[in-house]
Amino acid sequence: MLRIADKTFNSHLFTGTGKFASSQLMVEAIRASGSQLVTLAMKRVDLRQHNDAILMPLIEAGVTLLPNTSGAKTAEEAIFAAQLAREALGTHWLKLEIHPDARWLLPDPIETLKAAEALVKQGFVVLPYCGADPVLCKRLEEVGCAAVMPLGAPIGSNQGLETKAMLEIIIQQSTVPVVVDAGIGVPSHATQALEMGADAVLVNTAIAVADDPVMMATAFRLAVEAGVLARQAVPGNRSPYASATSPLTGFLEALA
């Protein structure tokens with residue numbers, strides 16, 4: 001079980017809604033993933049349409065919606081988008097995203113911290129997408145963010161946990177849930193993140209662009225479950241030396 005703010009989730013896999021070939025395929029993949037928290041960009045939703053092709057299938061699927069501020073380049077833009085999302089969707093949950101550079105999509109740490117502090121004061125449950133910076137993640141925690149979402153690698157890059165060393169520090173020092181977001185390309189990346197101690201992962205591109213998104217979503221569900229179980233089982237310590245699993249002496253004498 002994973003608890004963030006006022007909600008509890010059975011699944012440790014969060015999913016996104018971008019890049020799917022159709023809304024039907026998106027919903028099928030989300031269902032196969034077992035995900036209970038789904039993020040969607042407000043810029044992709046037509047709030048004037050009551051039967052929006054992205055929003056309505058998600059509502060019917062019964063998942064918790066996590067609107068995000070993707071596209072915002074400043075704290076002010078993100079705060080405005082958050083207020084629109086709360087009014088339109090009736091949720092105070094928000095994935096805060098501020099990335100001014102369209103090529104790299106790296107989060108702006110200064111604007112993110114500024115917006116997070118303001119939004120928490122306005123009553124939002126803020127989950128900020130941020131760089132894998134232990135100092136920044138601690139500051140975001142201190143201003144009241146309900147979780148932190150450090151990147152594993154640039155958005156959509158499928159590179160995996162390129163920031164592993166920093167993620168380990170963030171996980172070790174955090175007192176709020178840590179959700180590894182961005183860069184996860186294959187199910188084994190997700191397993192590794194959960195084994196490290198991350199509370200959840202958010203996966204979008206790796207599922208959406210697969211030849212079979214539903215099958216890939218299933219693979220990610222199983223990978224996340226494996227990672228959680230492995231962590232709970234408490235793996236043995238790593239050692240630079242060999243450790244025999246069978247006796248090395250005495251067996252010949254026993255056979256004599």
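Using N, Cα and C of the backbone, Cβ positions are placed for all residues, glycine too.
Keep in mind that what you see is a predicted model, and the values were worked out from it rather than measured.
Annotated active site, schiff-base intermediate with DXP per Swiss-Prot: Lys95, in sequence order, evidence recorded as sequence analysis. Just so you know, the Cβ of Lys95 (active site, schiff-base intermediate with DXP) picks up 27 other Cβ atoms within 10 Å once every protein chain is counted.
Under 8 Å, Cβ to Cβ, and six or more positions away along its own chain, Thr205 (1-deoxy-D-xylulose 5-phosphate binding site) finds Gly16, Gly18, Lys19, Ile155, Gly156, Asn158, Gly185. According to Swiss-Prot, the feature 1-deoxy-D-xylulose 5-phosphate binding site maps to Gly156, Ala182, Gly183, Asn204, Thr205, an assignment based on sequence analysis.
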Residues within 8 Å of the Gly156, Ala182, Gly183, Asn204, Thr205 Cβ centre (excluding the 1-deoxy-D-xylulose 5-phosphate site residues themselves): Gly16, Ala153, Pro154, Ile155, Ser157, Asn158, Asp181, Ile184, Gly185, Val203, Ala206
Rounded Cα-Cα span from Asn204 (1-deoxy-D-xylulose 5-phosphate binding site) to Lys95 (active site, schiff-base intermediate with DXP), Å: 14
Of Gly156, Gly183 (the binding-site residues), the residue whose Cβ has the fewest other Cβ atoms within 10 Å: Gly156
Extent of the 1-deoxy-D-xylulose 5-phosphate binding site in Å [max Cα distance among Gly156, Ala182, Gly183, Asn204, Thr205]: 9
